[in-house]
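Colleague: Sharing a structure below in structure tokens format, with a few things to ask.
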């Protein structure tokens, strides 16, 4: 097989350190698919990146045909099959979300333009760097020749967190839980929804509400735990989620590549155009999707109760405000 070109940005960082090995050893694109890994980071990180390249070489991985490390967009974005945009300006202490957006609009405008100019038009782009939804929207708007549907942002970490909380509560494995949904923004307004989720308990598939029999936990602590999990990890580890983020990226990209299992859907941030859930158009919003032939589709026809509606609207409102701020910066960037 011909090698595919996979870009990871922020490649000298923490998440990439967990991610690159999994990609290079075949966990994402399969054990038969050779790869060219392209690693992009900022100039001051190039020495660290050299060390990462040495380690990848020292893993002696049969699928890894070449590793290219660079600080130049025209090298990094050339002929890509897939771009995983992990690098972004992190939030520093005392920084408003607005400041964060301003710094990131510049980065993702530039990377979107580089995708537009150098990458294949079929490239799949996954944005991880926060604020992921809005960064993804900016990248997409800056790459008009690449279909909007080719851009997605990571809410799989939240999805996995929700699955795992349900599994822990019921004493089952995470694989026994399916069809949880993350609606909206990858922020503390996201809505983890288990109204349509199923769990396998002793060989029988039942609804999560029916299995747990504790509505106040499902509408209270469960939602808060998932919404605030990232902050809880930072508080404990003094560093943000890296291993779990890398695992979620692998899950997200593998599902794009190979499709979702029959009867299951996953959550990802995608363009809201044409959705049937009353989410405004032209937002990058997390929905339940199924994927086949590298193409995602909304899961249609799920009934939405009043509790869910309110939560879904709240996170859409936050995304609309972020978008407005970002678009202002975009016109002046």
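Using the three backbone atoms N, Cα and C, a Cβ is placed for every residue, glycine included.
All TrEMBL annotations are machine predictions without curation.
According to TrEMBL, the active site, proton acceptor annotation covers 186. Feature annotation from TrEMBL assigns NAD(+) binding site to 41, 104, 128, 129, 130. What TrEMBL lists as substrate binding site is 91, 97, 130, 161. Summarising the annotation, TrEMBL assigns domain 'Lactate/malate dehydrogenase N-terminal' to 5-151. The feature domain 'Lactate/malate dehydrogenase C-terminal' is assigned by TrEMBL to 155-329.
Locate each feature and note its surroundings.
Modeller: For residue 129 (NAD(+) binding site), other Cβ atoms within 10 Å of its Cβ number 25.
Around the Cβ of residue 130 (NAD(+) binding site), a 10 Å sphere holds 21 further Cβ atoms from the protein chains shown.
Note: the domain 'Lactate/malate dehydrogenase N-terminal' (5-151) comprises 66 helix, 27 strand, 54 coil (DSSP; helix = H, G, I, strand = E, B).
Across the residues of the domain 'Lactate/malate dehydrogenase C-terminal' (155-329), the predicted structure has a mean pLDDT of 97.
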Colleague: Using a Cβ cut-off under 8 Å and a sequence separation of 6 or more, which residues in the same chain sit near residue 104 (NAD(+) binding site)?
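Modeller: Within the chain, residue 104 (NAD(+) binding site) has Cβ neighbours under 8 Å at 88, 89, 129, 130, 131, 134, 135, 138.
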Colleague: Long-range neighbours only, meaning 6 or more apart in sequence with Cβ under 8 Å: which ones does residue 97 (substrate binding site) have?
Modeller: 91, 131, 322
